[in-house]
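> I have a structure I would like to understand better, so I am pasting it below and will then ask my questions one at a time.
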Amino acid sequence: MATTHAPAEPPKRRRIGVLTSGGDAPGMNGAVRAVVRMAIYSGCEAYAVYEGYEGLVHGGDMIRQVHWEDVRGWLSRGGTLIGSARSMAFRERAGRLKAAKNMIVRGIDALVVCGGDGSLTGADLFRSEWPGLLEELVKTGELTEEQIVPYKVLNIVGLVGSIDNDMSGTDATIGCYSSLTRICDAVDDVFDTAYSHQRGFVIEVMGRHCGWLALMSAISTGADWLFIPEMPPREGWEDDMCDIITKNRQERGKRRTIVIVAEGAHDRQLNKITSSKIKDILTNRLDLDTRVTVLGHTQRGGAACAYDRTLSTLQGVEAVRAVLDMTPESPSPVITVRENKLLRTPLMDAVKATKEVADLIHERKFDEAMHLRDSEFKEYHFAYKNTATPDHPKLILPENKRMRIAIIHVGAPAGGMNQATRAAVAYCQTRGHTALAVHNGFPGLCRHHADTPVSSVREVSWEEQDTWVNEGGSDIGTNRSLPSEDFETTAKCFEKFKFDGLFVVGGFEAFTAVSQLRQAREKYPAFKIPMVVLPATISNNVPGTEYSLGSDTCLNTLIDFCDAIRQSASSSRRRVFVVETQGGKSGYVATTAGLAVGASAVYIPEEGIDIKMLARDIDFLRNNFAHDKGANRAGKIILRNETASSTYTTQVIADMIKEEAKGRFESRAAVPGHFQQGGKPSPMDRIRALRMAIRCMQHIETFSGKSADEIAADELSATVIGVKGSQVLFSQMGGPNGLEATETDWARRRPKDEFWLDLQSTVNILSGRASFGEGKTGWSCYENC
């Protein structure tokens, strides 16, 4: 057999291949775009393998070099634009032999695979067989010894693309939050018809072996009952379900009933629980007009949400870095995420743990299966069970342990505020505490606490909090006023209503309010109670956390806005939109949105704006448009934080670009303003609100029975709950090591150390701005387009 001609010498630049395999997931295109552009920026060549492993086996035109501009506009596209397939040929050694030959012919020695556990298992098997495959290719005369010398080692990096979020070792997989968004949108829409006709709806969602989508959608929509594969219902579940639904409708006045069921749901004997069976039970036993809605493949479709765009982009960049860092001895990694931190996890360890869960379910070892799920999954399941209904007599505390906990919103409205309050109230009612909502912030407390017949301080009923499950903004009212405006009256109100704990939901003003109360404890003993801040602000500028409720809702609203105006810009071919974002003196929203929409440039207050920067960026735009040559998706977006510069305003920048363009392209200013606060909260803000609010209540509970002086002496009696790296933790506000002294930039109303600042360089790399004018590969690729 004739030997195939392949490069005898290794190419001057390393060649990295990227493929998507298995079921498609929103965000896969973002991952491919990031791999391609980061590879080019790093001096490598990027190759796309079309139609998954099938393309690797067939070779030829199914393995193509991809240039910088080839992936323009991919972030907002759903599915996978390089195709995906479940390849039977690659499962056989003969198929993998062909794949190895095709890779060597193309000079590719590294592969980034985006897919589920099956796809990643195949990738690791391919790597383990690689030396044997090369040896066989030489023996059969397909390749020569000289041809395989540069390719003795195959580096493989995995990215988990799966809407089910079924991979162990990671909090989220690419596509899972986009799918969850589709489900929540559908259930939110069902609410109206269910309420109108007092109907019940059984909603079937995807998830054969993993109940993540079902659990998170149940939390996000306040479902009455839930079925997931990992934790089947106990014997007699039919009676339990009917009892809860009957109580919710007859005693609590609910007009709608929602039951969420994962497609892989079963009982403890592994008998399948179908949506039609559940419908029949509700219809026959409760005489409830019930409908079944099977969402099906709508859960896979559509553009990726903000989180999936950001996650896929950052993981794609990290995958290229991992390839370049790997040695012949390095195990294949999969890029995972824990809370807010990217990690490199041994691929086979993650795959093994994932398969073990499915095996344990099949063996009916359900407790062990739950144990192998991430701790976050178990925590959410516990939270759902204990907030879906107040009927938990075993959890009720004795009288002397019960507390009166005030809940107040401070600052601007943010998505998730209502959900945090709902979760706190539900938990309090489950435990026997009294939850007191303070309406309209501290002014409401001081001015209207004695109003009749309705005081601004009042208990929240189960029926009232249940209506907040998908509501945006703040139903109890919020404003920016602080307690220092009237300490005397505030303290008297604390005494009058006998507050034993304070739960404050809000932004930097909430942080400031608790700081003021803490510092006033010596003069006002009423403030010697445990106080917790749950950050909720679109600006994400609260010290002690890398995530604030509302920031994800804001980003989703903003990318929808940017996608729409980019379409306008692209339709006009040569147009730049300068979009003004909110965020105060923190550039988090602008930078993260810039990453999610593929902005050409992002201006933030941390860096400021000067004339040299603008001149360089205008040259950058000129170069962009000069090389477009009528290409599609040619519209450009620039994001500017509202306080990035007092001189170079959004309109001024747009006018400067238009003037300097000399008619070759044009620009427009766009200010979405308060539209960025969003409508209904995103699923991420809903579920994190539940988890963090319950943790806050549990933290306040630890102070039950302590004296006022004991509480004041405890540095954790005034805290902020937050995400830091891979952990969720409480950070003390006071003391020499507290947030107030060490992490707060009071003048600029933001943390001193902003974790996201490194993202700015990633935005610049992927837009090409970082390498413009430096002769880097990122722009020489235009000559090859």
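Cβ from N, Cα, C; glycine included.
Straight from Swiss-Prot, here's the annotation block:
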- 1-389: region 'N-terminal catalytic PFK domain 1' (REGION)
- GLY23, ARG86, SER87, GLY116, ASP117, GLY118, SER119: ATP binding site (BINDING)
- ASP117: Mg(2+) binding site (BINDING)
- SER162, ILE163, ASP164, ARG199, MET206, GLY207, ARG208, GLU263, ARG291, HIS297, THR298, GLN299, ARG300: substrate binding site (BINDING)
- ASP164: active site, proton acceptor (ACT_SITE)
- 390-403: region 'Interdomain linker' (REGION)
- 404-785: region 'C-terminal regulatory PFK domain 2' (REGION)
- ARG480, 537-541, ARG575, 582-584, GLU642, ARG668, 674-677, ARG749: beta-D-fructose 2,6-bisphosphate binding site (BINDING)
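Help me understand the surroundings of these features in the structure.
Around GLY118 (ATP binding site), a 10 Å sphere centred on its CB holds 17 further CB atoms from the protein chains shown.
The secondary structure of ASP117 (ATP binding site), as reduced to three states from DSSP, is helical. Non-local contacts of ASP117 (ATP binding site) by the CB criterion (under 8 A, 6+ apart in sequence, same chain) comprise VAL160, SER162, ASP166, MET167, ALA350, VAL351, THR354, LYS355.
ARG291 (substrate binding site) counts 17 other C-beta atoms within 10 Å of its own C-beta, drawing on all protein chains shown. Following the DSSP three-state reduction, the secondary structure of ARG291 (substrate binding site) is strand.
Of all the Cβ atoms in the protein chains shown, 26 others lie within 10 Å of the Cβ of ASP164 (substrate binding site).
Nonlocal intrachain contacts for the region 'Interdomain linker' (390-403), taken as residues 6+ away from its ends with a CB within less than 8 angstroms of a stretch CB, comprise 244, 247, 426, 429-434, 462, 500-501, 700-701, 704-705.
In three-state terms derived from DSSP, HIS674 (beta-D-fructose 2,6-bisphosphate binding site) belongs to a helical segment.
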> ATP site residues GLY23, ARG86, SER87, GLY116, ASP117, GLY118, SER119: biggest Cα-Cα distance, Å?
14
> Sorry to bug you, but what's the C-alpha spacing from GLY118 (ATP binding site) to SER539 (beta-D-fructose 2,6-bisphosphate binding site), rounded to the closest Å?
39
> From the Cα of GLY116 (ATP binding site) across to the Cα of ARG300 (substrate binding site), what is the distance in angstrom?
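Per the Cα atoms, ARG300 (substrate binding site) and GLY116 (ATP binding site) stand 14 Å apart.
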> Measuring Cα to Cα, how far is GLY118 (ATP binding site) from HIS674 (beta-D-fructose 2,6-bisphosphate binding site) in Å?
44
> Reduce the DSSP letter at THR298 (substrate binding site) to three states and note it down.
helix
> On the DSSP side of things, how many residues of the region 'Interdomain linker' (390-403) fall into helix, strand and coil, could you say?
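Per-class counts: 6 helix, 0 strand, 8 coil.
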> May I ask for the distance between ARG480 (beta-D-fructose 2,6-bisphosphate binding site) and ASP164 (substrate binding site), taken between their Cα atoms and rounded to an integer number of Å?
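Computed Cα spacing between ARG480 (beta-D-fructose 2,6-bisphosphate binding site) and ASP164 (substrate binding site) is 40 Å.
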> Between the binding-site residues SER87, SER119, SER162, THR298, GLN677, where is the Cβ count within 10 Å the lowest?
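Relative to the other binding-site residues in SER87, SER119, SER162, THR298, GLN677, THR298 has the fewest Cβ atoms within 10 Å.
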> Please report the number of other Cβ atoms within 10 Å of the Cβ of GLY116 (ATP binding site).
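That number is 23.
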